[in-house]
């Protein structure tokens, strides 16, 4: 699996996930800087107030 891993407004980058990791995630929340977006491999647990989208195809988490 290959997932995007660039933060918020940075240029797009992606990376290959470890063997057996088939999910990508896109996590969003707001703070004093505005909307923060984090991307990567896997499908992490998140606290309430954080929007999480997980998907299972290459580069699906932009």
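Start at 1 and count along the chain as shown; that gives each residue its number.
Heads up, the Cβ atoms here are built off N, Cα and C, so glycines get one too.
What Swiss-Prot says about this one:
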- 1-16: compositional bias 'Polar residues' (COMPBIAS)
- 3-24: disulfide bond (DISULFID)
- 17-41: disulfide bond (DISULFID)
- 43-54: disulfide bond (DISULFID)
- 55-60: disulfide bond (DISULFID)
- 1-21: region 'Disordered' (REGION)
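This view paints the features noted in Swiss-Prot onto the structure.
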| residue | record | CB count, 10 Å |
| --- | --- | --- |
| 3 | disulfide bond | 24 |
| 17 | disulfide bond | 18 |
| 24 | disulfide bond | 27 |
| 41 | disulfide bond | 21 |
| 43 | disulfide bond | 18 |
| 54 | disulfide bond | 14 |
| 55 | disulfide bond | 17 |
| 60 | disulfide bond | 17 |
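The disulfide-bonded residues listed here (3, 17, 24, 60) include 24, 60 as those with a Cα within 10 A of the Cα of residue 54 (disulfide bond).
Distance from the CA of residue 60 (disulfide bond) to the CA of residue 43 (disulfide bond) is 13 Å. Taken residue by residue with DSSP, residue 54 (disulfide bond) is part of a strand. Across the structure, residue 55 (disulfide bond) and residue 41 (disulfide bond) are spaced 10 Å apart at their Cα atoms. Within the compositional bias 'Polar residues' (1-16), the DSSP-based counts of helix, strand and coil residues read 0 helix, 6 strand, 10 coil. Here the CA atom of residue 24 (disulfide bond) lies 4 Å from the CA atom of residue 41 (disulfide bond). DSSP assigns residue 24 (disulfide bond) to a strand.
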